[in-house]
Amino acid sequence: MNTDTPTFEAQQVVRLRRGDLIRRLLQRDKTPLAILLTAAVVGTVTGLIGVAFEKAVTWVQNLRIGALVQTADYAILVWPLAFILSALLAMVGYFLVRKFAPEAGGSGIPEIEGALEELRPVRWWRVLPVKFVGGMGTLGAGMVLGREGPTVQIGGNIGRMVLDLFRMRSAEARHTLLATGAAAGLSAAFNAPLAGILFIIEEMRPQFRYNLISIKAVFTGVIMSSIVFRIFNGEAPIIEVGKLSNAPVNTLWLYLILGMIFGCVGPLFNHLVLRTQDMFQRFHGGEIKKWVLMGGAIGGLCGILGLIEPEAAGGGFNLIPIAAAGNYSVGLLLFIFIARVLTTLLCFSSGAPGGIFAPMLALGTLLGTAFGMAAAACFPQYHLEAGTFAIAGMGALLAASVRAPLTGIVLVLEMTDNYQLILPMIITCLGATLLAQFMGGKPLYSTILARTLAKQDAEQAAKSQRSVAGENT
């Protein structure tokens, strides 16, 4: 008798086990797989829209600058034209925001944080077109704003749009896809996938519900967004400052001093942003006409400023490599720094659709380079390179203002491809964050969200009082 031949009973047992395994697989909860697949869709769409937004803003800027170049020989025409073109473009952005989607004003990142806690609405059918077209207007006008805020808010709203289109009802999917879109948006803006992931984990840590599914979804969305960005824009770093030399160990104390300087500047900058917001609110009082005219005036002034001192206008990406290379004197760097602080306050605090990441990176570069050049003059024996302090300063102001040192470190290293500077970056950003916290500074985005929620509660209370008064009469 052949003992190797399986008996009929043994074959039956194998078939039953196989059928039971297949049945368990079919009955298994497919929610995690569905979330990961939709996260890939969110990341891909966010990457495509993010690239399209960048190209659209560049196209508008080129049209505006081209019109000015054609009239450059006629001073009587070029100055009024610079004001009018930028004013009209800015007014488009302000009008769309105020008329159709007030939550699309400003950076948009606090709105995503509020939505993650289900405290703010996500009206993607309004926010997506308003933020895209409005951002084209304000950024195309040459205002001192960045595109990362719009892409983060656009990404979060794409996450909610995909959720609605696929009719996914679970709270886990709603929260996860919103966070995935926001992370993919930051990655699409800066070609910085790891910074996009850290931004959600660190900056949105009070709101983000960390679990295996949510973090895998964020990873998936960021990967797809980064792939889309690199297909269209290549793999070069977004800011070309060249390969800088490493910082010698005996110079690291200088980076701690630089961090302490930014630890003082960060809370002061946040305070000025909030006070300027209050000033604008008192001026327009919520009236759309005043608000749009005010925005047009600010946009027009940025257009004029772009003719007088181009470095003081725009997001700042073109300024960063020039300043980091040491092409300006310390005095000129400080002058441009002060000018850009003022223009950043005017543009961002007025509620224009646009971010503040890029302007803060430029401000950090200016102050960091000025410090580096001064340190090189005071300590010639160290053979210091001002560019290394510029890189450290880029992340330090972001860390002190937003209170996200890890995001600031990784974002700058990914954007400049200077990973060898990670140690001075850590020292500078940690020093800036600790001193900012010691001085009582609050994270900028969290503070803006708290003010928005307080305003929302006040409006709801006033509405309730009016309805009660109407019933009594």
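Positions of Cβ are set from backbone N, Cα and C atoms, glycine also.
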Check: Pro248 and Gln381 same membrane side, Swiss-Prot record: yes
Swiss-Prot annotation, chloride site containing Ile356, Phe357, Tyr445 - matching residue among Ser107, Ser170: Ser107
Stretch carrying motif 'Selectivity filter part_3' according to Swiss-Prot (options 115-119, 185-189, 355-359): 355-359
Fewest Cβ neighbours within 10 Å, where candidates are the binding-site residues Phe357, Tyr445: Tyr445
Proximity verdict for the transmembrane segment (355-376) and the transmembrane segment (253-281), three or more C-beta pairs under 8 Å: yes
Candidate binding-site residues Ser107, Ile356, Phe357, Tyr445, pick with smallest Cα gap to Glu203 (site 'Mediates proton transfer from the protein to the inner aqueous phase'): Tyr445
Intrachain neighbours beyond the transmembrane segment (148-166), with Cβ under 8 angstroms and 6 or more residues off its ends: 34, 38, 41-42, 45-46, 49-50, 53, 104, 106-109, 111-112, 115, 122, 124-125, 127-128, 131-132, 135, 173-174, 177-186, 188-190, 221, 225, 353-358
Seg_contact(the transmembrane segment (330-349), the transmembrane segment (422-438)) with at least 3 CB pairs under 8 angstroms, min sep 6: no
Residues flanking the chloride site, with Cβ no more than 8 Å from the Cβ centroid of Ser107, Ile356, Phe357, Tyr445 and excluding those residues themselves: Gly106, Ile109, Gly146, Glu148, Gly149, Phe348, Gly355, Met360, Val402, Leu444
Spatial neighbours, same chain, of Ile356 (chloride binding site) - Cβ under 8 Å, 6+ residues apart: Ser107, Leu145, Gly146, Gly149, Val273, Thr344, Phe348, Leu444
Contacting positions for the topological domain 'Cytoplasmic' (439-473) when only residues 6+ beyond its ends and CB under 8 Å are counted: 106-107, 109-111, 113-114, 119-120, 203, 206, 263-264, 266-267, 270, 273-274, 277, 356, 400-404
